[in-house]
Amino acid sequence: MELQKLITYTERVNGGGELTKEEALELLSLPDSDTPLLLAFADKIRQHFHGDAVDCCAIVNGRSGKCPENCRFCAQSAHYDTGVSEYPLLSETALLQAAAKAKAAGATRFSIVTGGRSVTEGPEFTAVLTALRRIRSEVGIETCCSLGLITNKQLHELKAAGVGRYHANIETAPSYFPSICSTHGFADKAALIRMAGEAGLRVCSGGIIGLGETPEQRIEMACTLRDLGVDSIPLNILNPIAGTPLAAAPHLEPWEILRTFAVFRFLLPQAQIRTAGGREANLRSLQAYALTSGLNGLMIGGYLTTSGNAVSVDAQMLADLKRKPVQPQC
């Protein structure tokens, strides 16, 4: 690719303009030999809009397994035999302990994530609200949550409890969503995201790359998130789980993953974009490159059903890159 074209695209984005889908696809299709140059320009956009701070978040699997949905990648779906741990909502004490551990590890924010279609109104939802209030006041860390397809009333209650962000991944492009899930649709996710925004919550929504989607559909996913006004985007990379329909899916190559990260930055310059599940298994020795490809966020301390790097390893990576974690503010 011509150097001048990358300069032109970067200057346009930094000046408030946008790439076309065709231009984004051109970047995503670059050869491995040109990828380091693409990453460098994506990182210029990150520096322009966000500086060098890194937003580190952590999650807890607050309720695991027995999910009635049939997402083809998910270890917690009751449709598949994956051997995943199954348990009801964790106790308030356990949730507070997990939040304290996350803060000690350097997390900016902490999210309670529950398996299942939703946490319905009643004792469980009340328990989650109580835990979220206590985490914010007693632990002193920003709170987020991912409780499934909940109601407008519940979203307003979360806002009143001090929750900053509601998380609901769109998972993939709208055109590919029917290929990965049939028990709910993309429209359900989009409606939830809009309701969360109307309730005054910021929205965290991203997806998984490596599900079998085309390059065009990755661009479609990024543009959809932009159209939905999402300001925090976790990018997961499929880590195939035995027992799921995608168990035999091939791992993406590291340079392809990093190109995808960079193109998301070109298309979503003002969003917080973080690398999340699957980075260890897929990026391997190139994990640090994620934070030089335009990303400004990192999920630390493990994921829902898979482990992550030791906290000390990620802390050293940030130090080596001279990137400082954002401090909790609450």
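Here the Cβ of each residue, glycine as well, is placed from N, Cα and C on the backbone.
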Per TrEMBL, Ser111, Cys144, Cys204 bind [2Fe-2S] cluster; matching candidate in Arg46, Arg274, Arg279: Arg274
Conformational class of Arg274 ([2Fe-2S] cluster binding site) under the three-state DSSP mapping: strand
Cβ-centroid neighbourhood (8 Å) of the [4Fe-4S] cluster site, Cys67, Cys71, Cys74 excluded: Glu69, Asn70, Phe73, Ala75, Gln76, Ser77, His79, Gly115, Cys181
[2Fe-2S] cluster site, defined by Ser111, Cys144, Cys204, Arg274: further same-chain residues with Cβ within 8 Å of the Cβ centre: Cys57, Ile59, Arg109, Ser146, Arg165, His167, Ser232, Pro234, Met299
Distance [Cα-Cα, Å, rounded] between Cys204 ([2Fe-2S] cluster binding site) and Cys74 ([4Fe-4S] cluster binding site): 19
Cβ atoms near Cys71 ([4Fe-4S] cluster binding site) (within 10 Å, other residues, all chains): 24
Fewest other C-beta atoms within 10 angstroms, as judged across Cys144, Cys204, which are the binding-site residues: Cys144
Alpha-carbon spacing, Cys67 ([4Fe-4S] cluster binding site) to Cys144 ([2Fe-2S] cluster binding site), which is rounded to whole Å: 21
